[in-house]
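Asker: If you scroll down you'll find the structure; I have some questions about it.
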Amino acid sequence: MPRARRMILGHVMSGLCSKMNRTKQLPADLMETPLNRCLNTFDITLLGIGHMVGAGIYVLTGTVAREMAGPAIVLSFILAGLVSLLAALCYAEFGTRVPKAGSAYVYTYVSIGEFWAFVIGWNIILEHMLGAASVARAWSGYVDSMLGNIVANLTMELTGEMHEQLLAKYPDFLACFVCLSYAVALATGVKATAMINSILTTVNVAVMALVVVLGFWYASPNNWSLPGQGFVPFGFGGVLAGAATCFYAFVGFDSIATAGEEAKNPSVSIPLATILSLCVVTVGYVLVSAALTLMIPYNEINPAAALPEAFGMRGITWAKYAISTGAICGMTTTLLGSLFALPRCIYAMASDGLLFSCFGKVNTKTQVPLLNLAVSGVCSALLALLFDLEKLVEFMSIGTLLAYTIVSASVIVLRYRPISVEETVHLAPDTPGTDEEDGGPAPLPGTTAPVAPTGGGIDSSSQSSTIDPSSPTSEMIEIALAGRLRPQFRWLEPVLGRCEPGVACSGAVLMFCVLSVAVCFQLENSWDELYHGTWWALGLYGFLLFCLVACVVVISAHHQNTRGLQFKVPFVPYIPALSIFCNIELMVHLSFLTWLRFFIWLSIGMLVYFLYGIHNSKEGELGTSYSMLMSTNEAIRGWGATSTALGGGSKVTVTKIIKGRISRKTTVGDRQAIVDDDDDEDS
């Protein structure tokens, strides 16, 4: 009887793991959607700029300069922008692969699996909800400061203060009303929203330019070298703390990826808009913070309304009103960006069956998920009503950083994982023929590449010099070699030779993430010992860094498959690995209370997933569809099927191209990499 129970439990756990690890199967036509594909590159770029340039520049700038970094806020924004750029490059590559709503959620679903996709999607919901609430709170506070705190004083007289540590000092009814009003405005349709966003963003950028010009005109270099203070008054630790806070100002670029299902040409618009908007915003933040700290000493900055007060101190009263107008426009576009992305993420998860089906419906008239928008607006309004800006911003960062980390890891995993190839493909007339015409032995099990035949066959070590990279033959060779050891790394074959293609890389990515957590925690807790050269600290860090480098070497020792990508992250796996490490380093600096709130929210999500999502997922027992992601012609011709992407010609198996047999092993409910198939006939 105990043995029967163990068998039943083993079967249940096996099925559970299979469901949690199943990946999203993409439709044959990825461009098909019930949403309205009406956004061009310019619209999406302004959407990203508008989402990023808001509360960050008008609220965070004064706080970070006064209390954390001083004039070195310039370095803080540069560091935060570089970390964001690393993640943005990964988002841009996935945006060309999967032009669907859902951003990091969809990217994780097609590359890692359903469970981690739900975790990321659940955190993205929280991120955008907190983002909308925090900007609404900043919008309210900014307007209230312009009116002499009339709103705050009147509210406290009517309702009194909320004497609770986790809540705000008083309920902010103005912020609540702002959230609800903008949610109603977004219900008119995506094109009208994009037009409003473009106008407000243009005004905001013009105001930023005015701040920079006037700020440098009235600049005093002495403000960067105050007696006893210098350029870095709080030390390098203050610069890092400022960078962790400034990171909040850049989180809006993932709304660009969320708009992938409403872009006319996502494979071009998404990467271009992502990189362009992030560069523009980073330059703008650096110039504005430099102008602010050059105009007045950092210790005289008013954190509540830094820019207007700075110009008021210089006697430029008319500029105060222009800056206030830009601030309202900027925070409005940021709020619109959060409320734009949030319902679309909920829609993507509901369409896959992981959230309740009622959230997967789109209004046929406006082509907007109205129920999702209503729920998003109400929840964001309640958060803005009860919590203050500081608590919202800190809680928001952890979900964002986790999403960035998993997206960066997904880029590496998908680059080195073999894709499913159809048993037969159409080849161009000039490609080699069948085995009957020119045969060759099958590749030996565990070898890194197919063994070349004696009579003028293709050698994997010299294929780049003998095969035209643009030919269908070269494309299929690259697909077949993905995840296999490179010839120059054959010395690793005794250790990795028996691993199926792609498995070693996935394991190395997981190990790199675990080691990064260990290194970052040690840096946080034992930095003094390392700084003073304590022997055990040097030995421990040396060992951990050696293991980190070894993980990267193992990944880079394998072949990649980059076919069909109109935008590719450069220097893979180095840039995604650096992004993973930087994101984990920033997460380690978050407070314990932030982590506690995060685990509470995650626990609620686990109840939703295991009680509803895992049983209603539309993937069911379907396999994966990595072949949909890699074909160049798919992106050009509506993302068609792989088997028809290579043009006319005779049908032959893939193994005829590389002079060896390659087949797929499939199991129900699980995915397997492409492996070498034993050829009994040749043996």
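Cβ from N, Cα, C; glycine included.
Heads up, TrEMBL stuff is auto-annotated, nobody curated it.
TrEMBL lists these features:
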COMPBIAS  445-471  compositional bias 'Low complexity'
DOMAIN    567-617  domain 'Cationic amino acid transporter C-terminal'
REGION    427-471  region 'Disordered'
TRANSMEM  41-60  transmembrane segment
TRANSMEM  72-92  transmembrane segment
TRANSMEM  104-125  transmembrane segment
TRANSMEM  170-187  transmembrane segment
TRANSMEM  199-219  transmembrane segment
TRANSMEM  231-251  transmembrane segment
TRANSMEM  318-342  transmembrane segment
TRANSMEM  370-389  transmembrane segment
TRANSMEM  395-414  transmembrane segment
TRANSMEM  503-523  transmembrane segment
TRANSMEM  535-557  transmembrane segment
TRANSMEM  569-588  transmembrane segment
Asker: Between the transmembrane segment (72-92) and the transmembrane segment (231-251), are there three or more CB pairs that fall under 8 A, provided the residues in each pair are separated by 6 or more in sequence?
Answerer: yes
Asker: Okay, the transmembrane segment (41-60) and the transmembrane segment (395-414): do they have at least three CB pairs under 8 Å, pairs separated by 6 or more?
Answerer: no
Asker: So what's the mean pLDDT when you look at the domain 'Cationic amino acid transporter C-terminal' (567-617)?
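Answerer: Its mean pLDDT is 87.
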Asker: Near the transmembrane segment (370-389), which same-chain residues lie under 8 Å Cβ to Cβ, leaving out any that are not at least 6 residues past its ends?
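Answerer: Answer is 55, 59, 128-130, 132-134, 136-138, 140-141, 162, 166-169, 171-173, 175-180, 182-184, 186-187, 338-339, 342-344, 346-347, 350, 358-359, 361, 363.
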Asker: Within the domain 'Cationic amino acid transporter C-terminal' (567-617), how many residues are helix, strand or coil going by DSSP?
Answerer: 40 helix, 0 strand, 11 coil
Asker: Top stretch among 41-60, 72-92, 104-125, 170-187, 199-219 for CB pairs under 8 A with the transmembrane segment (318-342)?
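Answerer: By the under-8 Å Cβ criterion, the transmembrane segment (318-342) pairs most with 41-60.
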Asker: With the transmembrane segment (199-219) as the reference, which stretch in 41-60, 104-125, 170-187, 535-557 has the largest tally of C-beta pairs below 8 Å?
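Answerer: Stretch with maximum Cβ contacts: 41-60.
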Asker: Other than its close neighbours in sequence, what residues sit by the transmembrane segment (41-60), given a CB gap under 8 Å and a spacing of at least six beyond its ends?
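Answerer: Cβ under 8 Å, 6 or more out: 134-135, 138-139, 141-142, 194, 197-198, 200-202, 204-205, 208, 245-246, 248-253, 255-256, 259, 263, 265, 268-270, 272-274, 276-278, 280-281, 284-285, 288, 306-307, 326-327, 330-338, 340-341, 389.
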